[in-house]
Amino acid sequence: MEPVTDVSLLPGEDGVIEKEVIYICPFNGPVKGKVLITNYRLYFRSSDADLTVTLDVPLGAISRVEKMGGASSRGENSYGLDITCKDMRNLRFALKQEGHSRRDIFDFLFRLAFPLSHALPLFAYVTQEKYEENGWNVYKAMDELRRQGLPNNKWRITFINKNYELCDTYPTVLAVPYKSKEEDLRRVAAFRSRSRIPVLSWIHRKNQAVIVRCSQPLVGMSGKRNKDDERYLEMIREANDTPKLTIYDARPSVNAVANKATGGGYEGDEYQNAELVFLDIQNIHVMRESLKKLKDIVYPNVEESHWLSSLESTHWLEHIKLVLSGAIQVADKVSTGNSVLVHCSDGWDRTAQLTSLAMLMLDSHYRTLRGFEVLIEKEWISFGHKFASRIGHGDKNHADQDRSPIFVQFIDCVWQMTKQFPTAFEFNERLLLTILDHLYSCRFGTFLYNCESARDQHEVRIKTVSLWSLVNSKTDFYLNPFYTPEPNMVLCPVASMRHLELWVSYYIRWNPRIRQQQSPVEQRYRELLALRDEYLKKLEELQLSDSSPAPRVANSTTPNTPSSNSSTPSQHCTHLQTHF
């Protein structure tokens, strides 16, 4: 069998082992071929001329590798490897039983798929990819705060956390009430879980209402109070004279009460001029189990006869609905001039979902390609969503109870909004799919580690490439052809089960029998773009030939007039551009 040569390796990617295997394809049955394992991916290509099957799986997307069968196992294709992936698919390979043929491939795969468990670097530190734009420059905290009109006479910028001394999971630049003193912030930090004090995420330009995020107060079973925390929330309310500060607690009320037993809790009646609303969004463990159930019904086969009841039993869309509904409530309050405070338990999971989705509804800047990158960098990465714990980058402990698809849920909610408002977003579905693929791949440093302090410690910005470097190097690929900018439009999506749908082109994309067709209009747009590029290339060639030495010009009867040949592409180009 010929070596696997049709795979294009990344700079810094090296092939480690090639082996003849049988891929137990859930759609076509056993397929003979060759598997290549590199320090970045598992690549399989079938050898059957009549059936072309290829697999290209980043090792970072692998959650679990297990041996299937033993040396004495009987039955065809009963000896090999079982691979569970984080991206909604499983893979099974059969090998020859004689001579422990799977030992070397298992050892290599296990080490390279879980490098941190074997004291090896993640691939993001090995790759040598280069891009024209440095994606790490997409988000700068001060630039984003200035864009929002900060600081002003009600809100100030503090650098109290510049060495991560106040809160080790917060960014170094924070916006806090103008009246607050640094000592106030330290006292409030002592009363908030993980010292995650209430800080500004977004301010409404016209009515000055704000979205503030934090963690739960440390009330405990004894019902402790903290006058500094109560006074601090009153400063937030006074900043735009909101009659009442609305506190959105993302948790179900029963969970918030239960958290008192572990020292947490929620804001009680002692917080004057404040109202508390529970949003009933379940915790990370419920979300993890819900996605597991969803995977069971979509891979490898979809059971058509009981599809709707099976989907309902996963509760996945129900959770999407509750997250979206909570964000809608936050956005609605702020758009009517009322400031809000959002928290869950620690303020890095459900809180990030709610603040970022509400900001997406309220601020059209975040609905642009670069604005969306900023939103993710700001509300998720800099404010300490625990990507390393929730995804398990390079970690073999697949049963870790900290793993949960919180960020996947957020991207799903964004996709639901793009379906309801197809002209409101500058980016397309391809961007969302790319983000989720590289959430797992470990090819870029963007989603590595749990917080900014850990990224600084591991020199992520210096030693790895940002995902936005890739995205911004080919923006045409991620643009929505139907985008219509409307700067002051607030989106009001409908969070009803009748209006939500399963994101088939993500969750069921590995099933070749269920392929979503690209819309004819978008397909035609892509064709026109390709045609435009072709004409522009021809035009450039003709302009170069026109500027060549004298002999060709001497043959022309009208040297100062472009030839008919050179004008034609220009006319075509102009004609095409008018359609865009």
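Every residue gets a Cβ built from N, Cα and C, even glycine.
As written in TrEMBL, here are the features:
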type	residues	note
DOMAIN	135-507	domain 'Myotubularin phosphatase'
BINDING	Asn283, Ile284, Cys344, Ser345, Asp346, Gly347, Trp348, Asp349, Arg350	substrate binding site
DOMAIN	314-360	domain 'Tyrosine specific protein phosphatases'
ACT_SITE	Cys344	active site, phosphocysteine intermediate
REGION	546-580	region 'Disordered'
COMPBIAS	555-570	compositional bias 'Low complexity'
COMPBIAS	571-580	compositional bias 'Polar residues'
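Sequence features annotated in TrEMBL and their locations in the structure.
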residue : record                 : Cβ neighbours (10 Å)
Asn283  : substrate binding site : 17
Cys344  : substrate binding site : 28
Asp346  : substrate binding site : 19
Trp348  : substrate binding site : 25
Arg350  : substrate binding site : 29
| request: Write out, in the order they occur in the sequence, the residues of the chain not among Asn283, Ile284, Cys344, Ser345, Asp346, Gly347, Trp348, Asp349, Arg350 that have a C-beta within 8 Å of the mean position of the C-beta atoms of the recorded substrate site. | output: Ala250, Thr351, Ile406
| task | Summarise the domain 'Tyrosine specific protein phosphatases' (314-360) by DSSP state, stating how many residues are helix, strand and coil. | result | 32 helix, 4 strand, 11 coil
